[in-house]
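Here is what TrEMBL says about this protein:
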- 33-54: transmembrane segment (TRANSMEM)
- 131-151: transmembrane segment (TRANSMEM)
- 186-205: transmembrane segment (TRANSMEM)
- 217-237: transmembrane segment (TRANSMEM)
- 243-266: transmembrane segment (TRANSMEM)
- 286-305: transmembrane segment (TRANSMEM)
- 311-383: domain 'DUF1736' (DOMAIN)
- 372-391: transmembrane segment (TRANSMEM)
- 403-424: transmembrane segment (TRANSMEM)
- 430-449: transmembrane segment (TRANSMEM)
- 458-476: transmembrane segment (TRANSMEM)
- 499-532: repeat 'TPR' (REPEAT)
- 533-566: repeat 'TPR' (REPEAT)
- 601-634: repeat 'TPR' (REPEAT)
- 703-736: repeat 'TPR' (REPEAT)
Amino acid sequence: QIFNQHNAEAPNLEQALHRMAQMEPNLDHDVSWFLLPSYWAKMVVALISFLCFANSYDGDFVFDDSEAIINNKDLRAETPLGDLWYHDFWGSKLSSNTSHKSYRPLTVLTFRINYLFAGGFYPVGFHVINIILHCTISVLMLDVFSILLGGLQFSNKGRRLNLAPKSSLLAALLFAVHPVHTECVAGIVGRADLLCALFFLLSFLGYCKAFRENKEGYTFSVFWVLVSVILGAIAMLCKEQGITILGLNAVFDALVINKINLLELIRKLLYKHKSLENAGLLRKGLLFRITLLMCGGASILYIRWRIMGTGPPAFTEVDNPASFADSLFVRAINYNYYYSLNAWLLLCPWWLCFDWSMGCIPLIKSVSDWRIIALAALWFCLIGLICQALCSEDSHKRRILTLGLGFLIIPFLPASNLFFRVGFVVAERVIYLPSIGYCILFTYGFSLLSKQAKKKKILAVAVLGILLINVMRCAFRSSQWRSEEQLFRSALSVCPLNAKVHYNVGKNLADKGNQSAAIKYYREAVRLNPKYVHAMNNLGNILKERNELHEAEELLSLAVQIQPDFAAAWMNLGIVQNSLRRFEEAEQSYWTAIKHRKKYPDCYYNLGRLYADLNRHIDALNAWRNATVLKPEHSLAWNNMIILLDNTGNLAQAEAVGREALELIPNDHSLMFSLANVLGKSQKYKESEALFLKAIKANPNAASYHGNLAVLYHRWGNLDLAKKHYEVSLKLDPMAPGTKENYNLLRRKLEQLQKKGG
């Protein structure tokens, strides 16, 4: 086996297993659990992990999916593939001051492939890939846990042995059904965590593959060590946490391959002992392998730093309030409280929320706050585990506890606020990888209880009950992630103080047309966070549409006062001021919005409307032209240009603009209608008729389309067709302006013709 320096002769598999079982305690000996053949164990884990999240397959795009997928131009074919390497996860340039610096080009590439194969934004394909990824990762966990819990041992034929089949099956099931994973699997943006985890595990297994034994002792493959580093780099290109696998590989090498006693090593380092080589630092190429890992990790981080730029990501106080606290004590206390909440989510994943920011977790500002108990409990448990991991005389116990703590803590470090500020308070997705450590510690604790318990079957039934509850919890939580309405409402009971939760519920209601209910939630969001400018902006918009202009102006003015570069709020303030006929202020607000957002077609469109109201026709046309340059598919701007030119008698120019617009947006029926009106006035009846009929085919229930076509026929002398379309128009809209009068004129004319004919 791998820890012997020499083998006398090649033993058979049974002898090898027997000898290894004698050398150190076997975790499976104490675990009262099912023993399944490897193939069946993988089938069971795959099936159960699939059942947990299968009902999310036909869910919608929810929450962050909109920004990362629907609004992300990097998914579209017209964006060069090379741009993915210079953009962040959300499609913004990494060099931008507003970028969050989340560099995950390989994840975005998989979204792009999903989009291309689906032929558009159809969420089913995205969800199915996420479910498949989680099932694959859960199956890989069987191999990973068999190594972490049973050690890295080989048969005489060089095949790796699973010395902990029962324990690894239990740990893999615990991982597969953990409800905290729902966000990663049911939320499409969780793809980043899933892909990162996949290559993270492959890197670990690749590192294990580097080790082989022969008749002379141990050898290792530099090739597989380098493959492990490359897979770690790929994991990091899926999500930043992936880089931590290199540190875990080094820990595994020291503890499992070289069997270093950390406490003994620390003592020898402190006392500058001369026998450091005996402590394992230089044996079996450990120092060389760690050097490879360190050089690989440093190179990856340097390249990442160069691509990202030297500036840190920009976050606001509402994203992570503790990181903005002036007092070091307050920051430290709250960071540790966040760690305890993450630990609690692993232990008891009952209260789950899509977002934990914006007042969901109030800051601890004093030691008299009862929540300090959570910190004490966390560190009491951690210190106890660390002491056992370092000081236990049982090498098997030391190894498992150290590996468990390593996999629990090291992948969490990028989210810990220790090295840089992160843009969240608590995020369930970031404990996808640390849950590996939790599963190791849980399984080891179960083995200790099984060893002491007289009725082991009762303990096994209790664990089965936990697994079953977790499966049901996963299925229920997955159903909540199927739609934004369910997801947002589920958070109200978990984080009632979270302004963002109320904001998202309100936004969802507003999108569905329920403005009265939306106002209630927007007001609550502003009450909970008086500086929540996005809630103020949306609330101001609804009040503007309800003609409650003065309150809308107050809210939008406050929003731009709090955040002077909030371009959308400046534009909406301009719209309100225009409605209040304060034109100079409105113009100033529009230009301020454009100052803060250079490419703002909607603002140019509204500025054009203001100029049109002021009869500044040239300025209006220029503003609308700017809107169409920035956004060629801006139908409203094109339409307004055609209508203004038509109304001012510039029929030739109106026709030219209309034809230009239809070349860019050939299926827009409103443009067909506007151009048809111009052509009718220019007496190009045949072409006008064709466009009217095409517009009606696209939108048959538009009364004005039928009414204006009837006017065309009336002018053209096709009176029967004119009568038909007047009647259709009046049927669709009996109050259509001018149509009834024109229809009556036509009827009188027809009556006169009949009399003459009679």
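Heads up, residue numbers simply count up from 1 along the chain you see.
Glycine is treated like the rest: Cβ placed from N, Cα and C.
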Is it true that the transmembrane segment (286-305) and the transmembrane segment (430-449) have 3 or more Cβ pairs under 8 Å, skipping pairs fewer than 6 apart in sequence?
no
Per DSSP, how many helix, strand and coil residues does the repeat 'TPR' (533-566) have?
27 helix, 0 strand, 7 coil
Checking distant contacts: for the transmembrane segment (217-237), what same-chain residues at least six beyond its ends satisfy Cβ-Cβ under 8 A?
2, 4-7, 103-106, 195-200, 202-204, 206-207, 209-211, 243, 245-246, 249, 284-285, 289, 292-293, 296-297, 300, 304
Sequence-remote partners of the repeat 'TPR' (703-736) [C-beta within less than 8 Å, at least six residues beyond its ends]:
669, 673, 676-677, 680, 685, 688-689, 692-693, 695-696, 742-743, 746-747, 749-750, 753
Other than its close neighbours in sequence, what residues sit by the transmembrane segment (33-54), given a CB gap under 8 Å and a spacing of at least six beyond its ends?
130-131, 134-135, 138-139, 141-142, 162, 165-170, 172-173, 176-177, 182, 185-186, 460, 463, 470-471, 474-475, 478
Helix, strand and coil totals (DSSP H, G, I; E, B; other) for the domain 'DUF1736' (311-383):
36 helix, 0 strand, 37 coil
With helix taken as DSSP H, G or I, strand as E or B and everything else coil, how many residues of the repeat 'TPR' (499-532) land in each class?
27 helix, 0 strand, 7 coil
Run through the repeat 'TPR' (601-634) and tell me, per DSSP, how many residues are helix, strand and coil.
27 helix, 0 strand, 7 coil
Could you break down the residues of the repeat 'TPR' (703-736) into DSSP helix, strand and coil, giving a count for each?
28 helix, 0 strand, 6 coil
